[in-house]
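As given in TrEMBL:
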type	residues	note
TRANSMEM	7-28	transmembrane segment
REGION	53-84	region 'Disordered'
COMPBIAS	55-84	compositional bias 'Basic and acidic residues'
DISULFID	431-463	disulfide bond
BINDING	586	Ca(2+) binding site
């Protein structure tokens, strides 16, 4: 007679045991995910959502809520305020967005997009050994800069002195911040931030407008404004956001033209702006067309809409004048743009159209702004402009020039147009194109996705060949393609550029093909062999065709901002700096993807 009762008690005991085990396991996974989130990854167990009516509340681990006085904790809770539910399917955690119920406004929140349930990014895992080698290289190069040139823009590693090519505001220090954070070099990050915050630091003098120097609007935007925004998004340090906004205010006078298109240089003290003499008064497409990502992000983080409005106005001028005959007389195909524009009239001038110098990052920002800014005026126009540009590039610039002897893979290059005539050349700068196409292949038609990824693979193969055909294993800065599959250097220098490893990073994250990691490692080893100096700093090479090499005694700021970062991330786990959560500006400074017409909660008090 007692058997049914015993069975019932056994059944209840099993249920309780399963429930307790589940709670313990998920609690452990949540705690373990903290380190991943701190590095910018998703972690294995995203914060779960508790649904109450039509609102969604996110519970911190342990049921604790951040206090009003606990600013860092509160900031992270706010950052995660629209995170995600956890859905388990085939033992894989998948995340889906939870819609916000906050009041709407013109500004997006700092909340970030979560990856879609059917994310097309490959699931890739860390290569600990190679990643560690890159981290050690970064630590050595940054350490040499800190010892020998810490108040200067860049290091001359052989001379043991500093160089100031960007106004003397400490460009390398700012450019390195997010790389230090991502690599877990927190002591170096903290010391660098403290140096930048000093009252009499050159950066603070520049931000206050008491530094009498001319700076490039483009370079200061992508390196300084972008670098500070990235460091703020990663660390939550409000002081970095305030400095970024102050620096932007010093660039603002460059926009005071009849069209609102900025001039190329501005004096930080007087606000006087000018262009380069050789442009005959023209502004450069890659300069004025590569600002909206940073300035729209600045508006989002500060709550002041004027920054994004200014750079959105520049896009409006580009779109308005590209629809007419401006620039078309030069033979520029529809969808592409000449590299110069009159800031007085808004008309395009000149005969050159290029995905290399002077034009490159404008096209990059078309897709990055469309993909990464949730509140984007004329959103469809940004995507259409990008797709039209790639279609024109495909028709008029893309050339198949050789094939891999082993695999048969076609190798292609993207040629510049001069007066509508295609040139049989390509710059290393153009090797960013495959990475851009990987981003463009997302959220589009299946046919366009296939074409974009195919072009990306073919151009990336050419970029790798630019390295492999030199005795140093380093790529020239520009090459000419000769009949019969030949290649010769035009500008034989190698200055630590990131574009090829950048594209290999995107291709690997998309496909999971280990070939891209192998190529990146070959490039890193060649760089390490020929760039490293006795001081620990890195320098470029004057001629990649000569061994032994002759160095240029310059450690580029972008070596630490871009090249080292992309090399590190290609050997990292795919969740680290996940590409559905972060967007990298053209100087490889990551900022959180923003979305939604919701209230900006990270406003200045």
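Residue numbering: from 1, along the chain as shown.
Backbone N, Cα and C define each Cβ position, glycine as well.
TrEMBL does not curate its annotations; it predicts them automatically.
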Query raised in the report: At the level of the C-alpha atoms, what whole-angstrom distance separates residue 463 (disulfide bond) and residue 586 (Ca(2+) binding site)?
Result: 18
Report summary line: Within 10 Å, the Cβ with the most other Cβ atoms among the recorded positions 431, 586 is that of 431
**Report entry** Nearest-integer angstrom distance between the alpha carbons (Cα) of residue 431 (disulfide bond) and the residue listed as 'Ca(2+) binding site'
**Finding:** 13
Query raised in the report: By a simple count, how many Cβ atoms lie within 10 Å of the Cβ of residue 463 (disulfide bond), its own Cβ left out?
Result: 26
